[in-house]
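What follows is a single structure, written as structure tokens, with notes after it.
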Amino acid sequence: NLQESESENKLDGETASDSESKSEFGGSPAVPTSDDTPEVLNRALSNLSSRWKNWWVRGILTLAMITFFFIIIYLGPMVLMTIVMCVQIKCFHEIITIGYNVYHSYDLPWFRTLSWYFLLCVNYFFYGETVTDYFFTLVQREEPLRILSKYHRFISFALYLTGFCMFVLSLVKKHYRLQFYMFGWTHVTLLIVVTQSHLIIHNLFEGMIWFIVPISCVICNDIMAYMFGFFFGRTPLIKLSPKKTWEGFIGGFFATVLFGLLLSYVMSGYRCFTCPVEFNNDTNSFTVDCEPSELFQLQEYNIPLVLQSVVGWKTVQMYPFQIHSIALSTFASLIGPFGGFFASGFKRAFKIKDFANTIPGHGGIMDRFDCQYLMATFVNVYIASFIRGPNPSKLIQQFLTLRPDQQLHIFNTLKAHLVDKGMLGGLEDA
């Protein structure tokens, strides 16, 4: 009898404890899941089956999004950062709206207001750190900015503490558990969305290529996995996403690695993509002009003996960045999709099809960026672990903020070190 009772309480993987939580939190969500397909597409594709109609709708909208992606790249780093901020806000809104729609019956006081306040606090902290790092000279030049920069972390903590106290004061008797649940919901959303978008901007400042190639690899893998799965898919890949197939997963992997190699080869030849994005204080604008590093200079590599008989070459000229692109595209193909699987599990938990219906055939903005955020973290960690070295310009900036006696002490220490190594004497002789 106990087993029968437990089986009756299960619904689509939902256990008895889930049912109790659902009754406490107000029942199933009322989140719209239908896509607003433009009427012109509905009329044009009315004679097709639903499967092929969805294929064409997704294809047309994908081309439109790729075109928009190229346009914002052309407009430059400032526009890209603005777009990243807008995407972040929209993703946050979609996730918070799901929480509000699920638990709106209790009309929790200050829930949405506090959620947006915490978003403001976290963005103030992260973007303030970014401004201090990359706009140091501008910050030091303006007195108000210099004060804000000096006490930035204390101001950020004070802002967050204000929100924390507001949350405690908003607690309502009999709904404590639900309110703390939503407090956690907001903070996990901030961790997933805001932190990752901040890392995307850091990647952008390392060079446009570190922004474009990873994002393009994820887009390519998404498209090619869908194409291979649509035409050749037979074997289900994972229960969280029943439409995903092994054929699409494997086909998407090989297509993405090849795409990453080709895109990296093309972009590595242009300074506007390979140079770090820096702020020019004289012109108050971004510059991307530099002498390309070794990563973006053609080098000759020996082809393994096993492959020499196949390709007929003994050596090949490649940019070192192309080797790194293999790691990026591999992650985008093998690990990146797990961001999508995670999002699928989240949507299944709340019985919704998409995060929103912003993009016809694709769902919400978060449905398109679930893998991108995971990719952004990997790229940032990869750069810090294998690419980035000490930054002389930042060291000089920090040096100039010291007191004169501290600067003199560092100068004498550095001079003695260079003399011991015999480098200073050689420079003086020259």
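Each residue, glycine too, has its Cβ placed from N, Cα and C.
Remember, TrEMBL labels are computer predictions, not curated facts.
What TrEMBL annotates here:
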REGION    1-38  region 'Disordered'
COMPBIAS  7-23  compositional bias 'Basic and acidic residues'
TRANSMEM  110-127  transmembrane segment
TRANSMEM  154-172  transmembrane segment
TRANSMEM  179-201  transmembrane segment
TRANSMEM  207-233  transmembrane segment
TRANSMEM  245-267  transmembrane segment
TRANSMEM  321-343  transmembrane segment
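Within the same chain, residues 25, 81, 84-85, 87-88, 91-92, 95-96, 99, 103, 108, 111, 114-115, 118-119, 122-123, 126-127, 130, 167, 170-172, 211, 372-374, 376-377, 379-380 sit at least 6 positions outside the transmembrane segment (179-201) and bring their C-beta atoms closer than 8 Å to a C-beta of that stretch.
By the Cβ criterion (distance under 8 Å, sequence gap of 6 or more), the transmembrane segment (321-343) is counted as touching the transmembrane segment (207-233), at least 3 such pairs being found. Tertiary neighbourhood of the transmembrane segment (110-127): same-chain residues 85, 88-89, 92, 96, 100, 152-153, 155-156, 159-160, 163, 166-167, 170, 179, 182, 186-187, 189-190, 194-195, 198, selected by CB-CB distance under 8 Å and a gap of 6+ residues from either end. Within the chain carrying the transmembrane segment (154-172), a Cβ under 8 angstroms from the stretch's Cβ atoms is held by residues 108-110, 114, 117-118, 120-122, 124-125, 128, 148, 179, 183, all 6 or more beyond its ends.
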